[in-house]
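A.B. asks: The structure that follows is given in the form of structure tokens.
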Amino acid sequence: MKQKELWINQIKGLCICLVVIYHSVITFYPHLTTFQHPLSEVLSKCWIYFNLYLAPFRMPVFFFISGYLIRRYIDSVPWGNCLDKRIWNIFWVLALWGVVQWLALSALNQWLAPERDLSNASNAAYADSTGEFLHGMITASTSLWYLYALIVYFVVCKIFSRLALPLFALFVLLSVAVNFVPTPWWGMNSVIRNLPYYSLGAWFGATIMTCVKEVPLRRHLLMASLLTVLAVGAWLFTISLLLSLVSIVVIMKLFYQYEQRFGMRSTSLLNVIGSNTIAIYTTHRILVEIFSLTLLAQMNAARWSPQVELTLLLVYPFVSLFICTVAGLLVRKLSQRAFSDLLFSPPSLPAAVSYSR
């Protein structure tokens with residue numbers, strides 16, 4: 001990767017770390033029922049609320065960058081040359097790891113928590129039958145909904161690229177509306193909610209990126225401050241879109257300025273993580289399930305001392321992040337060396353439609 005692109009990869013690395021922390025928190029802290037240390041319940045609630053407050057910053061910049069990086073395919077690459085890399089590649093990973101997660105999480109729950117009632121779980125990974133699993137995947141009710149979204153977003157943005165401005169306005173309205181009139185499927189709600197950020201990157205990303213690089217924020221400090229106040233006010237009324245748009249610009253500006261001032265190395269931790277986001281994204285959910293099912297049984301039975309309990313509640317998301325990151329990188333390395341990266345890169349489509357590398 002060229003040096004000038006490293007800061008973008010660093011942002012991708014940060015985003016996937018926040019995603020891992022998000023899943024680590026929601027699968028653990030809300031399900032605790034027993035607290036021994038007087039600060040344990042407070043600390044658990046702090047993690048839950050901290051996770052909630054990160055929502056406007058976690059996925060929007062991730063999707064903006066995803067859209068920005070494929071704008072060439074939107075503008076100038078024929079459909080036939082897009083099928084392999086932009087659709088088939090992602091569909092393969094979505095389908096393969098959707099099945100892997102389903103089999104793994106079903107087995108883990110039968111083994112570690114056979115008494116757990118999953119009848120009302122709306123995640124394809126907890127499906128009782130093949131039909132339920134397929135329904136969950138089709139409606140984006142899966143922990144892998146990000147991959148589902150990438151396929152849908154690309155197709156929509158490429159087909160309607162000549163109607164970018166009016167459609168972007170429509171996507172903004174849909175993103176706001178889904179907060180008040182959601183669909184029956186939580187994953188589809190997330191897909192609709194994040195559509196403006198991807199389309200913004202795909203259609204207008206080049207212009208925005210130029211502004212991020214060339215326009216100093218201090219020259220427009222008053223306007224930026226007023227916009228931030230307005231964004232926070234809207235967020236308090238459950239409309240996070242404006243705050244997310246502001247966060248995209250601020251996060252990119254900070255990382256770009258950091259690279260310009262201090263430089264970035266391709267071997268830095270965030271860059272390595274950013275280069276392997278799909279591997280970490282697809283594998284971490286299985287590990288998080290193992291951690292939560294194992295620890296919840298011990299914590300709710302009060303089998304550890306109050307001091308151990310409090311320490312675990314304090315550091316668990318960071319420990320989970322570390323293990324999931326290392327595991328994801330190892331699985332990617334194994335995939336490359338033992339399976340020609342088949343776990344994350346599909347067999348090529350027939351030559352007639354394959355993307356020319």
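Positions of Cβ are set from backbone N, Cα and C atoms, glycine also.
According to Swiss-Prot:
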- 1-12: topological domain 'Cytoplasmic' (TOPO_DOM)
- 34-49: topological domain 'Periplasmic' (TOPO_DOM)
- 71-86: topological domain 'Cytoplasmic' (TOPO_DOM)
- 108-135: topological domain 'Periplasmic' (TOPO_DOM)
- 157-162: topological domain 'Cytoplasmic' (TOPO_DOM)
- 184-196: topological domain 'Periplasmic' (TOPO_DOM)
- 218-231: topological domain 'Cytoplasmic' (TOPO_DOM)
- 253-310: topological domain 'Periplasmic' (TOPO_DOM)
- 332-357: topological domain 'Cytoplasmic' (TOPO_DOM)
- 13-33: transmembrane segment (TRANSMEM)
- 50-70: transmembrane segment (TRANSMEM)
- 87-107: transmembrane segment (TRANSMEM)
- 136-156: transmembrane segment (TRANSMEM)
- 163-183: transmembrane segment (TRANSMEM)
- 197-217: transmembrane segment (TRANSMEM)
- 232-252: transmembrane segment (TRANSMEM)
- 311-331: transmembrane segment (TRANSMEM)
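How buried are the listed features, and what sits near them?
C.D. replies: Same-chain neighbours of the topological domain 'Periplasmic' (34-49): 25-26, 299-302, 305-307, 309-310, 313-314, 317, counting only residues six or more beyond its ends whose CB sits under 8 Å from a CB of the stretch.
Counting residue by residue with DSSP, the topological domain 'Cytoplasmic' (71-86) contains 13 helix, 0 strand, 3 coil.
With DSSP states grouped into helix (H, G, I), strand (E, B) and coil, the topological domain 'Periplasmic' (108-135) comes out at 14 helix, 0 strand, 14 coil.
Beyond the ends of the topological domain 'Cytoplasmic' (157-162), by six or more residues, the same chain brings 67, 73-75, 79, 82, 198-199, 202-203 to within a C-beta distance below 8 angstroms of the stretch.
A mean pLDDT of 97 is what the model gives for the topological domain 'Periplasmic' (184-196).
Outside the transmembrane segment (13-33) by six or more residues, the chain places 40-41, 44-45, 47-48, 50-51, 54, 57-59, 61-62, 143, 251, 269-275, 277, 280-281, 284-285, 288-289, 291-292, 295-296, 299-300, 313, 316-318, 320-321, 324-325 with a CB less than 8 A from a CB of the stretch.
With a cut-off of 8 Å between Cβ atoms, the residues of this chain six or more beyond the transmembrane segment (50-70) that come close are 8, 11-12, 15-16, 18-19, 21-22, 25-26, 86, 146, 149-150, 153-154, 157, 190, 194, 197-203, 205-206, 209, 235, 240, 243-245, 247-248, 251-252.
Remote same-chain partners of the transmembrane segment (197-217), defined as residues 6 or more beyond its termini with a Cβ less than 8 Å from a stretch Cβ, comprise 59-61, 63-71, 74, 149-150, 153-154, 156-157, 161, 164, 167-168, 171, 224, 244-245, 248-249, 252-253, 256.
Residues 7-8, 11, 14, 55-57, 60-61, 64, 172, 175-176, 179-180, 196-197, 200, 208-209, 211-212 of the same chain lie 6+ residues outside the transmembrane segment (232-252) yet bring a C-beta within less than 8 angstroms of a C-beta in it.
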A.B. asks: Which residues, given as numbers and ranges, are at least 6 beyond the ends of the topological domain 'Periplasmic' (184-196) yet have a Cβ under 8 Å from it?
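C.D. replies: Same-chain contacts beyond the flanks: 59-60, 63, 122, 136, 139-142, 145, 148-149, 152-153, 156, 168, 171-172, 174-175, 178, 241, 245.
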